[in-house]
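Down below is the structure, laid out as structure tokens.
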Amino acid sequence: MYQNLAPIPELFVSYESAQKLKVEAADLISWDLSPRQICDLELLMNGGFAPLKGFLSEADYDGVVDNMRTTDGTLWPMPITLDVSEAFAEGLKEGQDIALRDQEGVILATMTVTDNWVPNKAKEAEKVFGADDEAHPAVNYLHNTAGKVYLGGPITGLQQPVHYDFRGSRDTPNELRAYFRKLGWRRVVAFQTRNPLHRAHQELTFRAAKEAQANLLIHPVVGMTKPGDVDHFTRVRCYEAVLDKYPAATTTMSLLPLAMRMAGPREAVWHGLIRANYGCTHFIVGRDHAGPGANSAGEDFYGPYDAQDLFREHQEEMGIEMVDFKHMVYVQERAQYEPNDEIEDRENVTILNISGTELRRRLSEGLEIPEWFSFPEVVKELRKTKPPRSKQGFTVFFTGFSGSGKSTIANALMVKLMEMGGRPVTLLDGDIVRKNLSSELGFSKEHRDLNIRRIGYVASEITKNAGIAICAPIAPYATTRRAVREDVEQFGAFVEVHVATDIEECEKRDRKGLYKLAREGKIKEFTGISDPYDIPANPELRVETIGHDVDNCAHQVILKLESLGLISAH
Ligand code: PPS
């Protein structure tokens, strides 16, 4: 297969029209785009999502969800939708233009709203992601981050989102096409990645290029990847280090501002279509492509080669060919990587492999990472970003009923950690936060969520800066606690401690006299009495306070922190 490298249509208007339209758009109702929507919009506008002309209409959305096709029959596996709040959608009329702004308020595009509907999110989860299970990051996003209403309609692109990082390595589809044209690269195999490249990846990409007799495009995602991944700044520094080890004449790297959904098979087809738009003729699909990991029952969402199967089914129509790979492993005797299924003399050789989980463990414990596994330059970058856990920041998040003992244990823990020294410790106790950060808030679900998200924000900043945050709010809602966990886990460990004193005991103790008032109806929405509390299903630690004194409870937390490698045992 050879690529036709003619330019593909973008949704941008000319510079002059854009200047004029920007002035006119200042009067339009504006939607402030979320980070994910900015990624989607960028690829819509620059042709990465061609032939889409805007956010999907309701009919196209239904087709995409049901059978991966828009109403005109175009193969498109991923719903690209503009989710908004009910309040925003309410006032809109059909055919109305709205301005789409980035997070600083810059107008990037206008959209003519042709469709405005409330999607069936449970169905979308089942059909697109395979299960309505919030352990899937995109399903979690769908239910807990995305707005309730979807808007659809064509886009008029005014300007690209502004990026200040790695500008020289970002290319639009047409820029890459022009580059390939200029170099005479008519066959290009793309490698999609959201992880640092190690030796196995290098071997895999070498083999793919050889097999497809093509040039190689390393095409890492720098938009949004799976929560908890290595941040893209670190990754790009790693890629740059590895790029030196490829022949410059046949390999290049470009950064893709895609917001991944981790949708396995559908995602693989989507990735292929995007790479075809970027001028590639071949696309590498390895084991468990864009897999989100385990579902809430502990099993993988997709089979390891489901993505390859779905890609194969559609590749003819997609205009891009798959280069499929089985899992690559290291054969010690031959000192090289080989596909696991091609090793014939398995009994006579030693097969080595380090999983992603094992790599993270070694990094977090400061253990050796062998040279057969990765390049010293890559390991050095990773160690800079991820020092051993005993040197990283972390958050201890207590949750439990009022009067359960959270604050008392949190205070004791703070003193013990300060006695050990080494890292600054901040206590974000429920009452302290309500006084200093959230004084205007009450106890409705909305206000409680806001309160906890503020605590989460501060805790994540402390964690990022290598400090220890101890939080002790009630935090009654599991979804909000999970959101805070995600905020914090970008930077360090999140240790949830359920102080499991039951409501009867808390009421019996009634240290602040609040339960009495709640029973009398004088305090409304009181947790455990007239308001819900989701018991944590899988906290890192559950402490019982009946029969254990405060010192003992705090010590249990210390032991947990030691076992997690967050404080060194001595
Ligand atoms: S939340 O839900 O996490 O935002 O609550 P939080 O900020 O931790 O609550 C702090 C203290 O507010 C007192 N208080 C109430 N608690 C629960 N429900 C209602 N309606 C309420 N009104 C006041 C209560 O003493 C909480 O303190 P703790 O430290 O938990 O005893």
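One is the number of the first residue shown, and numbering goes on along the chain from there.
Just so it is clear, glycine is given a Cβ too, placed from its N, Cα and C backbone atoms.
What TrEMBL records for this protein:
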| type | residues | note |
| --- | --- | --- |
| BINDING | G400, F401, S402, G403, S404, G405, K406, S407 | ATP binding site |
| DOMAIN | 9-159 | domain 'ATP-sulfurylase PUA-like' |
| DOMAIN | 170-384 | domain 'Sulphate adenylyltransferase catalytic' |
| DOMAIN | 392-543 | domain 'APS kinase' |
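Shown here: features listed in TrEMBL, placed on the structure.
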residue : record           : Cβ within 10 Å
G400    : ATP binding site : 29
F401    : ATP binding site : 23
S402    : ATP binding site : 25
G403    : ATP binding site : 25
S404    : ATP binding site : 26
G405    : ATP binding site : 26
K406    : ATP binding site : 29
S407    : ATP binding site : 21
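Listed in sequence order, the binding-site residues among G400, F401, S404, G405 whose CB lies under 6 angstroms from an atom of ligand 1 come out as none at all. Mapped onto three states, the DSSP output places K406 (ATP binding site) in helix.
Summed and averaged per residue, pLDDT over the domain 'APS kinase' (392-543) gives 96.
Classification of F401 (ATP binding site) by DSSP places it in coil, neither helical nor stranded.
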